[in-house]
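What Swiss-Prot lists as repeat 'PPR 1' is 10-44. The repeat 'PPR 2' annotation in Swiss-Prot covers 45-75. The repeat 'PPR 3' annotation in Swiss-Prot covers 83-113. The repeat 'PPR 4' annotation in Swiss-Prot covers 114-148. Per Swiss-Prot, repeat 'PPR 5' is recorded for 149-179. Summarising the annotation, Swiss-Prot assigns repeat 'PPR 6' to 185-215. The feature repeat 'PPR 7' is assigned by Swiss-Prot to 231-265. For 266-296, the entry in Swiss-Prot reads repeat 'PPR 8'. Annotation comment: Swiss-Prot describes 302-330 as repeat 'PPR 9'.
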């Protein structure tokens with residue numbers, strides 16, 4: 001881009017260029033314009049500050065974002081963007097003490113905390129081992145009459161799941177399903193299934209799977225209508241859960257659903273399928289997946305592939321094949 005001539009540029013033009021550079025990620029150019037505005041004894045407008053802080057925060061340049069934030073607070077440059085300004089800061093800070101400082105500043109200035117901020121607070125508590133305090137936030141939300149949206153429910157579900165409180169996690173799911181304001185979304189199911197698998201409650205994970213996939217066509221249709229498609233991560237988690245139980249048909253079904261969504265099975269997924277067949281005692285089917293991997297140009301067997309095959313053929317007492325796979329790994 002050609003350099004900007006700064007002679008006789010109006011303040012509104014400065015603001016327009018700052019916002020443009022923020023949108024395009026050219027923060028150094030925006031910083032130069034900010035410095036020039038300051039040298040002229042003026043300041044950007046509220047929207048320019050918000051755009052600047054959002055951009056810096058998204059790039060994890062939190063010290064610079066914090067400095068601009070304090071400038072905004074000091075000179076009361078809020079406009080109509082005060083909540084958006086605070087949300088940008090809260091969403092990007094990784095350290096709980098800094099996030100809390102921003103939240104407390106919001107409370108001090110009588111800004112109404114929204115569900116986004118409360119969800120962030122719950123996650124701060126969760127990530128620092130204070131899950132009971134995280135649940136106390138839910139009571140605060142109820143007391144002020146803020147509707148419990150799906151993001152708050154998801155934060156609570158993820159908190160219970162992380163600390164193995166699976167019964168409580170399911171109770172929150174029931175409340176969400178009964179809610180007139182919110183419904184479970186793909187993040188809800190991802191979290192429920194992932195934590196149940198993580199804590200060894202595979203049967204319940206499979207039950208949750210059937211709850212969302214009773215009518216796969218209807219589910220996918222709903223997700224797409226909301227602009228959300230089932231993720232590769234969800235399919236992988238479900239396939240692995242079935243594979244651990246040796247449920248081959250279900251594992252294959254999940255992989256086919258994934259292919260129907262245009263997600264190509266990768267080596268991890270195919271290793272999962274080998275494991276499913278091996279656990280079910282179908283070593284020849286496991287071998288056919290191995291041959292498929294070998295024939296695929298962009299995928300190559302790894303140590304997991306061979307170790308899984310060795311387990312499958314050990315179960316089948318085909319020890320000569322176990323030796324042959326072992327030799328390949330040397």
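Just so it is clear, glycine is given a Cβ too, placed from its N, Cα and C backbone atoms.
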(message) Please count the residues of the repeat 'PPR 4' (114-148) that DSSP assigns to helix (H, G, I), strand (E, B) and coil.
(response) 27 helix, 0 strand, 8 coil
(request) Taking helix as H, G and I and strand as E and B in DSSP, count the residues of the repeat 'PPR 7' (231-265) in helix, strand and coil. (result) 26 helix, 0 strand, 9 coil
(request) Take the repeat 'PPR 5' (149-179) and find every residue of the same chain, 6 or more past its ends, with a Cβ under 8 Å from one of its Cβ atoms. (result) 115-116, 118-119, 122-123, 125-126, 129, 131, 134-135, 138, 141, 185, 187-188, 191-192, 194-196, 198-199, 201, 204
